[in-house]
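Taken from TrEMBL, the feature region 'Disordered' covers 1-104, 191-240, 348-458. Annotation comment: TrEMBL describes 21-30, 41-92, 205-217, 416-428 as compositional bias 'Basic and acidic residues'. Feature annotation from TrEMBL assigns compositional bias 'Polar residues' to 351-369, 383-396. TrEMBL lists 429-449 with the feature compositional bias 'Low complexity'. If you look up TrEMBL, you'll see 648, 705, 769 marked as S-adenosyl-L-methionine binding site. The active site, nucleophile annotation in TrEMBL covers 797.
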């Protein structure tokens, strides 16, 4: 019987008893007429109320019954669900081999790390098939899975015994990705929790893997814009400081250092074919497709067919890459900053930090601790008979702790003195040091024979070097890179030693505070000269430092004193020179004959720059020591180089590059050099044009460059090599070279008109050597529109980028934007100017299309 039913029965008994009492009262005292009428009305109302109450009770009883039925149904449903789950678990346990394995219980999956993020299915299957072929049939791959934006691949094998075979093959053969980074394979059950969660989400999700998911695990705030999310990432805490290893430095600066030089040449050859030649053809064909689409929309426009040279199997034949003559650069740019070294190493300043130094520090600290423990035990054993061991051991412990504290204070004071004067910021040290009672803990661990690993404290010292980890990762010494000359490394050591006692700290690119910014080292082993350019902030602070509370303000007397001290340290002794490694074109014996043993610093410049980015080539410099120029020999010419002028970074290989350009100009030049004019666009110091003059290929050179210091050097180099201005009255007609300091797009049209009006030249050839951004639109327009230019020699330092865009503008049909007969690429020769890197220099020759190649429709349009 429920509680509601009990309440209803109790209410009924109380009402019956009340009615009996009223009947007895009426019998004893009979009511009057008025009382009788009121009593009848009351009785009617009471009867109505009773009926209403009975109906409410019936409704409550029905609701309670329904609730009981619903509870029973829900209990039955829950029991059925639990039974179904138990049945499913029993079936999955009994049929584990046939069902899909989950990530947690998989022992036959391998995760391969450090793959390329954007890897299509074709390349993925090709890579996995190469692993299977290398294992010689011992491995069977069931399935592969790779997220679209992650750098790891999951490989499911046929049996768990095949997992170590595949892992050992990948590690033993040092398998790498396309960039040359080494792959790393681990069993699937050894991944961390974050990777495991992500993999489970991908395997159990039926949606697309690259679709954005709005769930609880997605921590990204969708209300923020892309710029705001980027700012949040930049404001994130920096990673823990550590000593940068040589492998990290090489991976950032010379990514192909693991490959042999023949492998590097083969890698660059494939890149030049796929990313340059094929890309140029694809870009030109896309222009023709656009023209055909316009012809379909416009009835008055005739369709333009692709040129015949585009229909071949290999429209552009890429020649074999010419290897470098020298692996060493003659120009290096370094950044001032800080680098981390172990706090206990005193001889680490001026030398690159490595992991071996950390191991030595660990050995010294552990040996010192064990020696102290041995001495303490000896004292305790000798004084055990007198019973005074406890009284003397405590003072010994106190003295040991005092000695440790005093040594820590002295080391910190000495470090602070080395790092700078009070004006500079205090040196930051890593907080991962042992606490003050480290001696007591060490004694406890030695007594219990338990060796605990302690983190080595690190300190941050001012330095100069390469930014291997970006702006926030500090600088590192590039001594481990074989393409950095030894004289540049020696300069870094001297400057780093100078910075330890200099009151002016390195420049901070985030807060825009500090003083020393960059160091440029130019050297010539042929003339035995070395030029240094130090860029620094103004004494009153740079442009960005005004927004910060820490405003720099250095005294001019202090700067002059430190400048004299720095120049004295740099010019006090010679810089050692090591023999560069041998190449295909030059052996170590030949390199030793042409390499001096030492080089002296012959010129020093200082450049004040208060901007946020980098100065222009025309930004003034202050000459402080030695010669005002650096001389370099290239081929048959001698060149002088100013601090802001452009010059090739590999002189020995640049001779091969310029010889190829000279040969291609010579193919179309006249028998007499006086009949050929050469336009040298982006000429720099005039190296290519003067080389053509020296070889007797052309009779006159007109050079254009945006850098005024480079044009001044070009004029001086022309005079130095015997092609300077003449002393005749009519200088404009008799001068052999003309140099213009301006933007090429501004003066190209005027210079071409001047050459057309002269009319003394049968052939006009153009040579362009632009920066990585390529040629300007107006330069391309004027070169194409000048019909006398039958050949264009394009020397590109960015063949996979800007060259494809410029080639498409030169080789597409004539339009309102690009008038004149189009060109076609007839020769492509890559030259390895930058060993150990992915970059390569390319010489591409463009010739005008003939009447037969142009077609009748194009000829009619040209006549119009």
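Note that the numbers count up from 1, one per residue, in the order the chain is shown.
Glycine too: its Cβ is placed from the backbone N, Cα and C atoms.
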Rounded to the nearest Å - Cα separation of the residue listed as 'active site, nucleophile' and residue 769 (S-adenosyl-L-methionine binding site): 8
Neighbourhood of residue 769 (S-adenosyl-L-methionine binding site), C-beta criterion under 8 angstroms, separation at least six: 680, 681, 682, 683, 684, 688, 795, 797
Cβ-centroid neighbours of S-adenosyl-L-methionine site 648, 705, 769, 8 Å, sequence order: 646, 647, 682, 683, 684, 685, 687, 688, 795
Count of other CB atoms lying within 10 Å of the CB belonging to residue 705 (S-adenosyl-L-methionine binding site): 27
Diameter of the S-adenosyl-L-methionine binding set by C-alpha atoms, the set being 648, 705, 769, in angstrom: 15
Cβ-based isolation winner (fewest other Cβ atoms within 10 Å) among the recorded positions 648, 797: 797
